[in-house]
Amino acid sequence: MAERQLIVFDFDWSMADQDTDHWIFEVNKPELRRKMEDLEGKIQWIDLMTQLLREGHKKGIKREDIEHALRIIPYHPAMVRAVTNLKSRRKTTFLCLSNANSVFVSTILKEKGLDTLFEEIITNPAEWDALGLLKLWRRVDPNGPQHSCKTGCSPNMCKGDELDSFLARHGPAYDRIVYVGDGSNDFCPVLRLRSNDIVCCRTFGGLPKRIAQDGENFGLKCQVKYWTGAWEIEEIFNKL
Ligand SMILES: [Mg+2]
């Protein structure tokens, strides 16, 4: 049995059963959700989200509207059970590695009673200003040194580098790492896992495609378990 165990969670479509950036506009301002769709790939994602939050604020979306959307986001009860039971049953460290932002993640975790689950939440910084605008920044400041990821991480954050620096801060090495993710930007950190580690890869999203196309070429070493619904994560976690 692994003595020191680390569980790493992506957030959107992994911990939560939706994408937070999409969801707050689907709930509050569908025209901006459409604009997001139209501009995806043309503007860096965090910069686009920053711009749309500003536009939404001008169009009357209030802090309470966004917080309400976050509190009602689809979130599977089995996911809450899975992490709560694992944490109470045995010594396990949880890390959140998310391309959402600190306000979205913390608001949702608080609503689910999971605000003390994670040792660290590594994500894009955000804060409310006095007028109820959510200000958002890239994790990697565009005016400072940039990461050199060649695997396809977005300029705002290299999840592989972030995982490595977390591991360096929290030595000695974990006996086992389990990574739960769905997106193409989860591929880079998954490549850093060892043969006794596990990726729980959602059956839809960019991650299963990257694993199928590039897993072998990029030297993927960890075990791959596929899941669709959070009840399957609960099954996997119950055996850890
Ligand atoms: Mg995701």
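Cβ coordinates are placed from backbone N, Cα and C, and glycine is handled just like the others.
Remember, TrEMBL labels are computer predictions, not curated facts.
ASP182 is the only one of ASP164, ASP175, ASP182 that TrEMBL places in the Mg(2+) site (with ASP10, ASP12). The highest number of surrounding Cβ atoms within 10 Å, among the active-site residues ASP10, ASP12, is found at ASP10. For ASP182 (Mg(2+) binding site), the same-chain residues 6+ apart in sequence whose C-beta sits under 8 angstroms from its C-beta are ASP10, ASP12, TRP13, SER14, CYS201, ARG202, PHE204, GLY205, GLY206, LEU207.
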